[in-house]
Ligand code: S3P
């Protein structure tokens, strides 16, 4: 089986769904934020503050190119679709799943998540978070080979839907 790449906004469940998919399929899981954090040796928030977002995006693109063809479950970071170069890489992959989530649910989840500090969400109002999300929607859609609406579904239901569809 080919690997499955998960894309979607922050809070869409890429890490949670990725680990369940890995368990179900027996494949390994690659989580971008974990890989990047291990490489930079500090939190993403600290890296943004010290080196800026463009430096983060450079690392992200390199990791995408290095990992994309691995037959594993790949949970990307929410901003992976921002660069045209990344979108081209994703479009060449057979199984790229966009976890599409209702914006209100996303904002509720992001505001409830105190463990994962995200620099692009920190201290932002719901309207400001929406302003980050909305321009990305067409990028997620054009980069994906499959769109799964996760709104109101349990992680188990989402995983079952993905596995049924990627196997088609
Ligand atoms: C980002 C998403 C984060 C992380 C960084 C930037 C984004 O990953 O890569 O904070 O621009 O959407 P998650 O989507 O895993 O939260």
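Positions of Cβ are set from backbone N, Cα and C atoms, glycine also.
Annotation note: residue 16 (ATP binding site) sits in a helical segment as assigned by DSSP. The number of other CB atoms found within 10 A of the CB of residue 16 (ATP binding site), across every protein chain shown, is 15. Sequence annotations record features per position, and here TrEMBL assigns ATP binding site to 11, 12, 13, 14, 15, 16, 118.
Note on residue 15 (ATP binding site): other Cβ atoms within 10 Å of its Cβ, all shown chains, come to 17. Feature annotation from TrEMBL assigns Mg(2+) binding site to 15.
The feature substrate binding site is assigned by TrEMBL to 33, 57, 78, 136. Mapped onto three states, the DSSP output places residue 78 (substrate binding site) in coil. Around residue 78 (substrate binding site), a 10 Å sphere centred on its CB holds 23 further CB atoms from the protein chains shown.
Screening the binding-site residues 11, 13, 33, 78 for a C-beta under 6 A from any atom of ligand 1 leaves 33, 78. Proximity of residue 118 (ATP binding site) to non-local residues of its own chain (separation of 6 or more, Cβ distance below 8 Å) is seen for 10, 44, 45, 110, given in sequence order.
Within 10 Å of the C-beta of residue 11 (ATP binding site) we count 24 further C-beta atoms, all protein chains included.
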